[in-house]
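According to TrEMBL, the features are:
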ACT_SITE  H435  active site, proton acceptor
BINDING   K54, D301  FAD binding site
BINDING   G173, G174, G175, Y176, I177, S178, L179, E180, G259  NAD(+) binding site
DISULFID  C45-C50  disulfide bond
DOMAIN    9-311  domain 'FAD/NAD(P)-binding'
Amino acid sequence: MKTIHTQNLIIGFGKAGKTLAADLSKHGQEVILVEQNTEMYGGTCINIGCIPSKKLLVEGAKRSLENDKTSVFQAAMSAKNGLIPKLRTANFAKLDNLDNVQVIHAKAHFKDDKTVILQSDNDKTEVSAERIFINTGADSNRLDVAGADGKRVFYSTEMLSLTERPKRLIIVGGGYISLEFAFMYKQFGSEVTILDNSETFLPREDRDVAEEMLRILNSKKINVVQNMNVHGFVEHAHETVVQTTQGDFLADAILVAVGRHANTQGLALEQAGIQTDNRGFIQTDNYLRVKGKDHIWAMGDVAGSPMFTYISLDDYRIVREQLFGQGMRSRDDRTIFPTTTFTEPPLSQIGMTETAALKAGRQVKVLKMKAEAIPKAKVLGQTDGLLKAIVDKDSDEILGVTLFCAEAHEMINLFKMAMDNHIPASYLKNQIFTHPTMSEGLNDLFA
Ligand SMILES: Cc1cc2nc3c(=O)[nH]c(=O)nc-3n(C[C@H](O)[C@H](O)[C@H](O)COP(=O)(O)OP(=O)(O)OC[C@H]3O[C@@H](n4cnc5c(N)ncnc54)[C@H](O)[C@@H]3O)c2cc1C
Ligand SMILES: NC(=O)c1ccc[n+]([C@@H]2O[C@H](COP(=O)([O-])OP(=O)(O)OC[C@H]3O[C@@H](n4cnc5c(N)ncnc54)[C@H](O)[C@@H]3O)[C@@H](O)[C@H]2O)c1
């Protein structure tokens, strides 16, 4: 077994890890970044997450008026298959081209809190490191029911690379992945049914927003069944029966999208004395330092940070500030951040919903308008949805915004800046916007 020493060992080629590797190198530090899967160079986002899913959504939308849905599906898959390897190669080259960064293809596990074993097919290397950064991401939760290992039961990764378009798609779960894949496969002409076990559809959203999403889903003939549990899957020659508390459903493909868990299996965290919380995420302080270990950090999904690429990037910023700055940045600095579910239209949110503000005892003004009132929505032919802002009655402070309309995913970022800088609601009422844009609708929303 080879033994090497490095200043910095990064486990996992995720967003935080790859950005930190480049930064450490820029500062003259030597880095080993270990990734277990060559098909994952660049991490979840570019290979099996955000980018391939959005590429398929965009390609499907481009050809939404075409009747031959099999060819729409094939063209979208082929466009996605063309893009992803290029991004992966570029991500690898970006680090590999740096003199003091070494990317090693191996699976890492801890020997102790200063030593990590890198195990590849035919090689084993022991690395002792001054600093260790864990950025191993998350993986799909499995359904523990009979038949869940059947050939038509898939998770998001497989659904991004199906070779045959399913005529009937059942999606188990009613969150981000469920909704985005429901719209995606609807564009490919599949009959889509969402089976969710929660009593309330989109529980984090206000009811008017959830009802509008439900209306849009139904108008597209995407069926949503709430409050049900899957008992099992029974595989037949040409279809699979999904057995639930609300009867049987027939499917050509099933997507299970019921959340994701930390990728810590096989890391042998216990050998390094690294603890996980009751949900399996690595326990850190607000500066992402692993509990009780001054030289080990965890970043991104595995650290229990909200599962978004831009939050993993922000985790990198928190660590960067400790290594090269004043060390002041922490998780407390991002109490509010925007989110978007890439449906049609996209659903974007920041800060408090109306329900959350009232629950917190705030005295609020609720500003609300339909997307169809915005001229650009008519130009785009995308008049579904609504916009909502929650404003403190006395101080005029913007407490939260929900944009469920065309271009919402771009517009919501404006509110991160406005809210961080305490720009009052009245400012938006008179802000000059270009025309015709969806953003100009904010003049009316805040009027
Ligand atoms: C289908 C889907 C769509 C998504 N869409 C969006 C979106 O639109 N916007 C958004 O912001 N977020 C989205 N997300 C979430 C986002 O992709 C993740 O939150 C983000 O990529 C997590 O990055 P990370 O830095 O934690 O690690 P990851 O990018 O997950 O990287 C972890 C890496 O570590 C490697 N690894 C694991 N264990 C080991 C080991 N023992 N040794 C060596 N290597 C190891 C893994 O192979 C992996 O490459 C989506 C996720 C999915 C699944
Ligand atoms: N646009 C984006 O930013 C984006 C897109 C995709 C994924 N993501 C990230 O990835 C994470 C994982 O996505 P996800 O959709 O798997 O999780 P999620 O937490 O968003 O949704 C899980 C859903 O599954 C349901 N559920 C749980 N157990 C169930 C069961 N046994 N039967 C039926 N339904 C069940 C829940 O009620 C919930 O509706 C998200 O939380 C998000 O952070 C982000």
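Note that Cβ sites are derived from N, Cα and C of the backbone, with glycine treated the same way.
TrEMBL does not curate its annotations; it predicts them automatically.
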Seminar exercise, completed: Comparing the Cα of G259 (NAD(+) binding site) with the Cα atoms of the recorded positions C50, D301, H435, the shortest distance belongs to D301
Seminar exercise, completed: For ligand 1, the recorded positions of C50, I177, G259, H435 whose CB is under 6 Å from one of its atoms are C50, I177
For this session: May I ask which of the binding-site residues K54, G175, I177, G259 have a CB within less than 6 Å of any atom of ligand 2, listed in sequence order?
Result: G175, I177, G259
Exercise. How many other Cβ atoms are found within 10 Å of the Cβ atom of D301 (FAD binding site), counting all protein chains shown?
Worked result: 30
Seminar exercise, completed: In the three-state DSSP scheme, G259 (NAD(+) binding site) belongs to coil
Exercise. What count of other C-beta atoms do you get within 10 angstroms of the C-beta of G175 (NAD(+) binding site), across all chains shown?
Worked result: 17
Problem set entry | Neighbouring C-beta atoms (10 Å sphere around the C-beta of L179 (NAD(+) binding site)) | 24
Seminar exercise, completed: Counting every protein chain shown, other Cβ atoms within 10 Å of the Cβ of G259 (NAD(+) binding site) number 14
Exercise. Which one is it: of the recorded positions C45, D301, H435, whose Cα lies the shortest distance from the Cα of L179 (NAD(+) binding site)?
Worked result: C45
Exercise. Any idea what the Cα distance is from K54 (FAD binding site) over to C45 (disulfide bond), rounded to a whole Å?
Worked result: 10
